[in-house]
Amino acid sequence: MNSLQSQSSPKSDVSDKQTLLAVLQFLKKNNLKCTEELLKKEAGVTDDDVKPQSAGQSESDVANALAAYKSSDDPTRYTDYYTDLKTFIESCLDVHKVELYLILYPVFVHMYLELVYNQHERHAMEFFHKFSGEQEYYYQDDLRQLSSVTKREHMRGNQLMDNFKASRFIIKMSRDSYNHLKRYLQENQMKPLLTIIQEHLFIDVFDGVPRNKQQITATGGGLLGEAERDANKAKVFYGLLKEPDINIPVDDDDEAPEGEDKPKKKKAKKDPLLMRKSKNDPHAPQSNRIPLPELKDQDKLEKINSFREAIKRVRIGPDQMPTVCFYSITNAHQGVTTVNVCEDSSLMSAGFADSTIRVFTLTPNKLRGMKSGDDLEIIDKDSDDVLERMMDDRSSSEVKSLVGHSGPVYATDISHDKKFLISSSEDGCVRLWSLQTWSNLVCYKGHQYPVWDAKFSPHGHYFVSCGHDRTARLWSTDHYQPLRIYAGHLSDVDCVEFHPNSNYIVTGSSDRVVRMWDNQSGNCVRTFTGHKGPIHKMCFSPDGRFIATGGVDKTILLWDIASGNMLAQLKGHTQAVYSLMFSREGSVLSSGGLDSCVKIWDVNRVLQEYDTDSDATIPSSLQVNDNANLLLGSFPTKQTSVLCVHFTRKNLLLASGPVAI
């Protein structure tokens with residue numbers, strides 16, 4: 001990319017290979033043979049490449065990696081070097097100043113680590129205390145963690161230290177600003193600064209005018225800077241899969257009563273989203289790109305019901321706000337950790353800190369279980385309604401409990417056919433439950449640490465999980481080993497979501513980055529940076545084109561998947577955002593969080609004001625909509641945190657959370 005970083009590609013290749021071998025050694029150590037063999041086959045790695053490291057080898061590798069910080073420079077000069085760099089940046093024209101300020105944080109971190117590694121502890125502490133408070137607010141948590149590294153021995157095993165050591169900090173900069181920086185460093189012969197930029201920074205230089213402060217702030221905040229421009233160039237099939245042709249019978253409600261003249265039969269109203277699904281979308285993947293289960297008769301009936309409800313859907317917008325129905329979970333002394341409503345809005349599941357799961361019915365129909373073994377023996381197994389005969393009305397209730405986890409339950413999700421539920425927990429397990437027998441069917445083990453989230457595919461059969469081990473894993477219900485392991489985040493993967501066409505997943509992490517992964521290849525195809533805190537919730541628009549993300553920074557970001565651009569920043573929450581959902585036609589977005597408030601945002605207005613002609617390869621040409629008028633309305637609760645928002649098929653907005661004690 002530039003003369004200061006001419007050797008970035010080989011180092012990147014070596015780093016990727018080391019990461020791959022580390023994952024394989026981890027799988028081998030934990031006896032995950034099936035997953036190990038699949039990964040070796042796909043990556044073309046032999047058994048000889050995956051020999052376990054001895055303790056001596058491991059220590060040697062760590063020492064070699066840390067040796068990059070070895071320096072014989074005068075420790076008393078580091079403060080002067082950094083001060084001179086700041087003075088130079090402040091003396092530049094304003095148009096270059098805002099871009100050049102970006103290098104101060106990574107230079108500060110690596111200069112501090114150099115001082116620590118070379119055992120200049122006193123100078124390191126003085127340097128840290130003098131300049132740490134000047135860094136951006138969203139880096140302060142990272143700096144607090146870094147402040148615990150005060151001796152060379154502390155550098156081994158520190159997570160933030162490992163991230164800075166293994167990866168380059170990415171900065172986007174215009175060519176004019178970059179030339180100013182390059183000329184300054186070369187003319188002043190600032191060897192320590194030149195070394196840090198060559199070894200630890202990747203400056204992605206672009207042609208065009210420099211970015212302004214708003215554009216830089218919008219995409220900044222990632223643990224290791226921004227996403228490279230090349231990271232979002234892969235083609236993404238974001239369109240919806242073509243739905244099979246299903247004959248929809250006339251609804252009985254449309255027939256006239258006896259004794260009255262029957263009106264002429266009218267054509268059924270068409271739902272725009274269903275019409276789009278029934279056509280060949282040029283942006284959609286091939287139907288056989290990944291194996292999907294065939295539709296059963298019950299699935300077809302469910303689609304017919306969905307179409308009938310969509311006909312009666314209320315159109316939501318600035319002039320037609322949604323009705324909100326709030327379900328408060330009371331007497332939750334066990335501590336509610338998660339709430340989820342199924343696709344057809346008939347069931348609600350909640351996870352608790354005491355390791356239990358409860359499933360509630362949201363309709364007059366009670367939850368039934370299976371009859372006992374003796375009763376099942378006497379039923380007619382050849383009858384057409386054999387499943388109905390197997391259900392026990394005597395034991396029906398409005399709530400069912402599921403017990404099996406040995407730690408707090410952090411996520412639950414109900415399959416679209418309402419036959420299964422998956423849950424994830426602190427115990428490192430993902431469990432599959434039957435909602436017919438109300439029992440645990442499978443315990444999936446693969447994550448070594450707490451599993452923060454789990455989600456079913458919209459088409460069934462597949463589900464995905466993520467956790468503290470910094471990975472997401474794709475599973476199928478008929479395999480006890482994961483089909484894919486997605487590694488690339490630098491911290492906990494806190495949340496995960498399936499794309500509506502099931503060909504992709506998206507992950508949000510405590511490294512403040514959102515990544516989109518291709519389920520067919522396992523590759524990361526989109527990287528979104530802009531959040532200033534951990535990301536706790538994401539959701540796709542119904543047409544699959546856009547994604548909304550929210551988290552600890554109290555801001556909701558709206559992204560265009562096709563280009564990888566940020567469209568809007570939605571600001572209004574005063575606490576962390578934990579729930580998001582688009583209305584069924586995608587015109588508005590609802591959100592909720594720890595500030596005990598449900599908010600409605602105008603997505604249509606964002607799309608109308610979006611400049612589709614902007615060039616994604618020129619960062620300074622992109623504009624982010626942060627208009628305060630995008631907020632259509634707020635619905636506060638008294639003291640109930642909003643852990644779930646959900647639009648029904650008719651666009652009634654459901655929300656839920658635990659009542660504060």
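Numbers here mean position along the shown chain, with the first residue as 1.
Keep in mind that glycine also has a Cβ here, set from the backbone N, Cα and C atoms.
Source: prediction; values computed, not measured.
The feature domain 'TFIID subunit TAF5 NTD2' is assigned by TrEMBL to 73-201. TrEMBL lists 248-296 with the feature region 'Disordered'. What TrEMBL lists as compositional bias 'Basic and acidic residues' is 270-282. Taken from TrEMBL, the feature repeat 'WD' applies to 402-437, 444-485, 486-527, 528-569, 570-604.
Within the same chain, residues 298-299, 302, 335, 337-338, 340, 342-344, 346-347, 349-359, 367, 369-370, 391, 443-456, 458-460, 463, 465, 467, 475, 477 sit at least 6 positions outside the repeat 'WD' (402-437) and bring their C-beta atoms closer than 8 Å to a C-beta of that stretch. Tertiary neighbourhood of the repeat 'WD' (570-604): same-chain residues 271-273, 310, 313, 315-318, 321-322, 324, 326, 533, 536-543, 546, 548-552, 554-558, 626, 628-649, 651, 653, 655, 657, selected by CB-CB distance under 8 Å and a gap of 6+ residues from either end.
Mean pLDDT for the domain 'TFIID subunit TAF5 NTD2' (73-201) in this predicted model: 91.
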